[in-house]
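See below for the structure under consideration.
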Amino acid sequence: MNFKRMTDLDLSEKRVLIREDLNVPVKNGQITSDARLRAALPTIQAALAQGAAVMVCSHLGRPVEGEPKPEQSLAPVAAYLSDALGQEVKLLTDYLEGVEIAPGQVVLLENVRFNLGEKKNNAELAQKYAALCDVFVMDAFGTAHRAEASTEGAARYAKVAAAGPLLATELDALGRALQTPEKPMVAIVAGSKVSTKLDVLTSLSDICGQLIVGGGIANTFLAAAGFNVGKSLCENDLIDTAKAIAAKVSVPLPTDVVVADATEIDFADFLGSLAKAQAIVKKVEDIADNDMILDVGPDTAKAFAEILKTAKTILWNGPVGVFEVDQFGEGTKTLSLAIAESKGFSIAGGGDTLAAIDKYKVADKIGYISTGGGAFLEFVEGKTLPAVAVLLERA
């Protein structure tokens with residue numbers, strides 16, 4: 001992908017506006033997870049090191065535009081950045097008509113979603129952001145799939161628009177996995193429903209050699225192959241779709257599964273009741289009417305791990321079982337360790353996937369972990385991300 005990169009620009013004495021994703025959880029004024037802030041720090045530090053006057057902007061939560069509330073303020077983030085950077089980071093609330101700032105200084109602009117027109121990508125608002133700077137740096141991959149005034153709009157109107165290091169790294173990794181993948185490529189797509197991952201499955205079926213499915217998605221594929229799935233989550237109206245995907249790409253199906261008796265499961269306390277349920281390994285042809293499939297079986301996990309061993313590119317989106325409960329997590333554990341041991345390039349994304357990576361402590365063995373959420377999925381689906389498209393356009 002061809003786009004301007006912040007790291008290639010001379011930022012000395014330039015006014016630089018960096019759009020980061022600093023949307024962190026805040027409880028009683030305290031930041032409860034600083035992962036996104038830690039990820040953004042190197043970009044800010046790199047701009048300061050070049051002698052730029054740095055303005056940072058972000059959204060936080062989902063405020064009503066034009067109605068700022070203290071609990072949705074970026075004040076705790078400004079305090080965090082001051083400590084982390086070792087210099088004062090002022091929070092500016094009134095900045096749209098101009099910001100007084102000197103090279104080597106950094107300020108944080110208050111929650112962009114307090115501004116009327118932010119989410120609708122209002123052109124006048126976007127032009128005001130653009131007028132603040134000599135260089136606009138888009139570094140928030142997690143919001144790149146939304147055309148908003150502080151993302152797509154500011155990039156469109158700024159004198160110079162570039163991708164920050166975080167965004168550039170993400171796009172390079174996604175390009176490597178999806179646009180120029182080294183073959184053989186294997187994708188793991190798991191989740192409760194085929195319907196929510198249909199575009200992902202369809203897109204990946206065009207580029208990968210094997211498509212491993214898990215969770216409720218696998219149940220629909222098992223049903224399409226004529227197996228009884230008992231009381232398992234399954235979308236019968238998408239059986240023909242599953243058949244069409246399986247006709248296009250190799251979809252290795254589970255040969256054994258881990259089930260529980262559905263009559264023992266309290267759906268109001270799903271995970272709690274699963275912790276007490278008996279986990280039984282069964283061949284797929286032996287699934288009974290009351291069985292609920294909650295993981296792939298040991299033989300299947302071993303077979304899938306063998307497939308992953310020979311892959312040169314692996315894309316992982318979704319755990320293959322209810323890994324939050326240990327007796328239904330062995331399949332996900334086996335696959336996560338196989339991905340970690342693979343010599344191929346691996347990329348993983350999606351909230352549940354990140355939780356599994358944390359649980360099985362394989363983060364440092366995955367080639368690239370995307371924090372993009374919805375943006376990651378839309379990129380995998382082959383959709384155009386507005387804030388990326390404008391950077392390509394302006395390159």
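In case you wondered, yes, glycine gets a Cβ from its N, Cα and C as well.
These numbers come from a predicted model, not from an experiment.
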**Study point:** Among ARG36, ARG38, ARG156 - the residue Swiss-Prot places in the same substrate site as ASP21, LEU22, ASN23, HIS59, LEU60, GLY61, ARG62, ARG113, ARG146
**Key:** ARG36
Study note, to complete from the structure: Per Swiss-Prot: ATP is bound by LYS197, GLY350, GLY351, ASP352, THR353, and from GLU170, GLU306, GLU324, GLU393 the site also lists GLU324
Check your understanding: How many other Cβ atoms are found within 10 Å of the Cβ atom of ASP21 (substrate binding site), counting all protein chains shown?
Key -> 25
